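So that you can see what the record holds, here are the features copied from TrEMBL:
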- B:43-62: transmembrane segment (TRANSMEM)
- B:74-91: transmembrane segment (TRANSMEM)
- B:111-133: transmembrane segment (TRANSMEM)
- B:223-241: transmembrane segment (TRANSMEM)
- B:247-265: transmembrane segment (TRANSMEM)
- B:309-326: transmembrane segment (TRANSMEM)
- B:361-380: transmembrane segment (TRANSMEM)
- B:409-429: transmembrane segment (TRANSMEM)
- B:441-466: transmembrane segment (TRANSMEM)
Amino acid sequence: MLKKIFLYTALLLIAYTVVLRFLPSDIDTDQSQWGTNVIKARDYILSEEDFKNVIVGTSLSTRLVTDSLGDDFVNLSFSGSTIWDGIELIEAREQKPKRVFIESTFVFKKTDGSLTDYVSKGFSSKLKSTLPVFREKNQPVGVIKGLVTKALKSGGPLASYDSVAVEINPEILEIQSDYFVEEYTDENYEWIFTKKLIWPLERLLDQGIEVVFYEMPLHPSFCESEVIKDVRWHIDELTKREGVSFLKVNNCEAYQTNDGIHLVSHSGLKFTNKLKSQL
Amino acid sequence: MLFTSPEFFTLLACTFLLYYLVGKAQLQKIILVISSFTFYAWNFPKLLALLCVSILINILTVKAIKQSKAGQRYWWATLGVVINLGILAFFKYSPLLGKTFFESGSSVGEYLMGIPLPIGISFFTFQGLSLVVDTYRAKDGDDNLPEHTGSLVESIALYIAFFPQLIAGPIVKAYEFLPQIAKKAFRDIDWEYCIKQLIVGYFLKMVIADNLKDHTFWMQYPYFMELSGLNLMALLFGYSMQIFADFAGYSLIALGHAGLFGYRLRDNFMFPYISASFSEFWRRWHISLSTFLREYLYIPLGGNRKGKVRTYVNLMLTMVLGGFWHGAAWSYAVWGAAHGIALALERFVNDALPFQWPKGFRFVKIIFIFSVVTLLWLLFRLPAFSEVLLYLSQIKNAPFFKGVNDLNTAFFISMYALPIMAYHGWYLLKESGSKNWAIKLEPLLYACLLFMILVNSGSSGSFIYFQF
């Protein structure tokens with residue numbers, strides 16, 4: 001019985017490896033927020049493509065329509081995560097980009113570095129880099145979903161979730177406001193702007209990589225919060241000192257969010273176009 | 001330490017090797033106890049002290065019961081029960097008492113709310129209770145405990161701390177476990193049994209529960225306020241599947257690991273979602289807890305031997321306390337009370353009915369029981385009762401369909417629920433007499449589960465029952 005179980009399992013793995021070779025490469029196999037992050041991060045680490053421009057951000061920047069920026073752009077923004085994950089991924093990959101765009105809005109969010117470790121260290125990541133059958137991107141349930149979605153899309157575009165809902169729930173706005181009402185101490189600012197952000201920034205600049213900081217639009221009440229204004233001032237000082245660009249947002253009311261911080265799809269496209277015009 | 005972590009597999013491999021290399025019963029016990037302490041202390045070493053104190057109290061109580069005369073045995077046993085319950089009450093229910101009965105900001109309230117909840121405390125204190133009561137009940141010294149003090153200490157430490165079931169059960173009764181303590185040989189391992197339990201257990205945990213948890217995450221307040229009616233119902237159904245997969249998965253993994261060391265633990269789940277009555281559900285769900293409550297609470301309270309009204313009261317009391325056992329929040333008591341009312345009502349209706357339910361009606365009853373049980377899981381998922389009511393009102397008031405994300409969620413929940421339904425269906429198939437055909441397909445089925453563990457596991461997460 002046990003021999004049969006292990007033999008059949010090996011056969012299933014071989015058969016699935018063959019099936020994967022015949023699958024269309026453009027199917028979307030994402031299943032969840034964590035899965036999406038891992039697939040994106042692993043793709044970046046393992047890809048042989050020459051990405052000239054890398055966007056590094058939080059979930060806010062996932063609303064950018066990266067395709068419209070050009071083929072040589074890759075968006076390393078992760079939902080539920082921070083800019084530090086994207087920066088760590090750039091450091092973990094041998095091939096470096098020419099330009100890195102760093103979102104400056106949520107610099108105080110912390111990371112445990114688990115995403116980069118997960119996709120670049122340990123036995124599991126080595127196995128996944130060697131054998132594609134074990135990668136999150138190729139999980140059978142995700143693949144089935146990707147094939148079904150592709151078949152449905154061929155019959156016309158599907159309605160986007162947030163193209164309908166634009167009224168923000170006050171309780172959700174309240175939760176999001178936590179970040180903007182927290183009082184960060186001078187030590188917090190000093191740690192971020194003289195150490196935490198400086199180390200990777202100087203490493204990137206030393207390698208001849210151009211760095212651009214940018215802000216993402218927020219709900220107007222958050223845009224004018226003390227935290228955002230203080231961070232903007234510090235980034236301004238930093239970018240002047242280091243001689244790098246900083247793209248600010250001064251018209252938040254022109255954009256719409258679905259929860260106070262994440263742009264709805266049409267605003268995401270609008271802001272991407274604005275960003276593109278400034279490059 | 002998680003059953004799915006690399007550290008655990010390292011500990012398991014080292015323990016397994018040493019265990020069978022030493023070949024002596026006493027050394028084997030010591031190795032298992034040391035491994036179990038390492039397992040428990042891995043993330044919070046300080047909590048090991050509490051486990052040791054609990055073991056020590058039970059050793060002293062058992063020793064006192066064994067050495068006392070008939071009249072004194074009762075008082076020692078009572079003291080043992082009170083101390084075990086006291087430890088549980090202090091660590092588990094102090095924060096609830098602090099929150100309920102003291103004003104916020106008061107020093108006593110703050111102190112009570114600051115008491116940490118040691119992982120697995122509900123499980124190991126219940127095993128302590130079982131040990132004390134079983135020793136007291138044993139006739140003519142037939143308590144399965146060694147007379148020699150050193151051996152007694154090792155046996156009790158192993159019984160309470162045995163790592164496969166230490167932090168999330170199954171709750172093992174003393175009279176089931178203690179007779180099994182003996183020298184174990186490598187050649188006696190039932191590999192087929194162990195590997196089958198481990199494959200199904202890890203499949204339920206890593207493929208089903210860990211994937212579903214990333215979707216049911218959005219059942220939290222206030223995120224669920226943004227969801228459509230379809231999404232809310234799909235998530236509730238998904239949570240019902242997740243909690244089964246998570247806990248049944250843990251129990252099967254525990255059975256498999258215990259088997260590797262020569263110990264047989266009793267099944268904790270018996271396909272609960274095919275139950276056609278609440279009493280059947282409780283014979284199939286968390287069997288070790290329901291039998292514990294029946295043997296050590298319901299029957300001592302009088303069970304069904306003291307008239308109808310008293311039976312209903314006993315049922316209610318047992319279920320409310322069973323609910324409270326799960327967690328220090330009033331919603332758990334409400335959950336237990338709801339099950340108690342359902343059990344009492346069911347008994348009342350069955351007694352009053354002048355006819356038997358027709359056989360073909362079973363399927364409708366299964367759907368009904370599953371729906372009520374699933375609805376009540378909301379009390380597990382949402383800590384505040386007001387949030388539960390809000391969730392239910394949102395199912396009614398939110399637009400039924402909002403967009404393509406609804407279909408995504410429904411798709412994933414259906415995909416991950418399908419194996420659970422097939423798992424229950426498989427049992428029905430085997431029960432219906434299609435045994436030979438089903439047995440022939442078994443190797444392929446287990447291979448499919450192992451394949452899915454290897455290629456479709458979700459992100460690692462804690463077991464839901466760790467919090468209890």
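Don't overthink the numbers, they just go from 1 along the chain as shown.
Each residue, glycine too, has its Cβ placed from N, Cα and C.
Unlike curated entries, TrEMBL annotations are predicted automatically.
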Distant-in-sequence neighbours of the transmembrane segment (B:309-326), which means Cβ under 8 A and at least six residues beyond its ends: 93, 122, 126, 289-290, 293-294, 297-298, 301-303, 332-337, 339-341, 343-344, 347-348, 380, 468
Best-contacting stretch, by C-beta pairs under 8 Å, relative to the transmembrane segment (B:111-133) and drawn from B:43-62, B:74-91, B:361-380: B:74-91
Residues from the same chain, set at least six apart from the ends of the transmembrane segment (B:223-241), whose C-beta lies under 8 A from its own: 208, 212, 215-216, 370, 373-375, 377-378, 381, 390-391, 394-396, 398-403, 405-406, 409-410, 413-414, 416-417, 420
Tertiary contacts of the transmembrane segment (B:74-91) (same chain, 6+ residues out, Cβ under 8 Å): 50, 53-54, 57-58, 61-62, 64-65, 68, 115-118, 121-122, 125, 128-129, 132-133, 135-136
